[in-house]
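Novice: My questions will all concern the structure given below.
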Amino acid sequence: TALRLAGGRSRCEGRVELEQEGTWGTVCDDGWDIPDADVVCRQLRCGRAVRAHGNASFGRGHGPILRDEVGCEGHERHLWECPAALEHDCSHKEDAGVVCSEHQEWRLSGGRDGCAGRVEVFFRGTWSTVCNSTWYETEATVLCRTLGCGDVLQRPAFQHTLPGKMTYMCDSPQPSLAQCRWVFNKSAPCYQSWAAGVICNGTGS
């Protein structure tokens, strides 16, 4: 049995999918709550659950619906250790999802559209700025592509105005900044830095 999250913006957010006998399927949202989501997040090494979603909020899955009325207490090591109904009367519009504390998402603020501005990251429940001490072409390229904004035109600098600070270091282009090395709220790599910005060549949707 294996577990993954699908349809989210990082490996720590998305629709809950289980593999059983070689087939991937989903979990119905009846009774789906934070203790259930906590087990998923911990099993995937994604921290703890920030939100437990229902109603296919990360899109409808495919394949069988493998669990219904999941009833984890929150301490279980694997989702399949939790009591659950294997029979169900659900459809994929009731697929369960989670957002875990280690999920990261990004936005560009203060620019003319969603493809330009100051880089902000949502992590552990709060929006933070990004230090430009290691904000080079590679990091900026990863973000522009993740946001569907094409490639980098410029990397302007801004004042830090949010409480948290994130530093990213990408040795090579990755699918997202969360897959590069990152440091959260440590002053050393961020000392006297400005907040990173980027102007991508695409336009925001």
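Backbone N, Cα and C define each Cβ position, glycine as well.
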Novice: What residue among Cys170, Cys190 is stated in TrEMBL to be the disulfide partner of Cys180?
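Specialist: Between Cys180 and the options Cys170, Cys190, TrEMBL records the bond with Cys170.
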Novice: Based on what TrEMBL records, which one of Cys72, Cys90 is disulphide-bonded to Cys82?
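Specialist: As annotated by TrEMBL, the paired cysteine is Cys72.
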Novice: Might you list, by sequence position, any residue in that chain lying six or more from Cys180 (disulfide bond) with a Cβ less than 8 Å away from its Cβ?
Specialist: Glu139, Val142, Tyr168, Met169, Cys170, Asp171, Gln174
Novice: What mean pLDDT does the predicted model reach across the domain 'SRCR' (3-101)?
Specialist: 95
Novice: Which residues, sitting 6 or more apart from Cys72 (disulfide bond) on the same chain, put a CB under 8 Å from its CB?
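Specialist: In sequence order, Pro35, Asp36, Asp38, Val39, Leu79, Cys82, Pro83 meet the Cβ cut-off.
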Novice: Tell me the Cβ neighbour count for Cys82 (disulfide bond), meaning other Cβ atoms within 10 Å of its Cβ, over all protein chains shown.
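Specialist: The answer is 17 other Cβ atoms.
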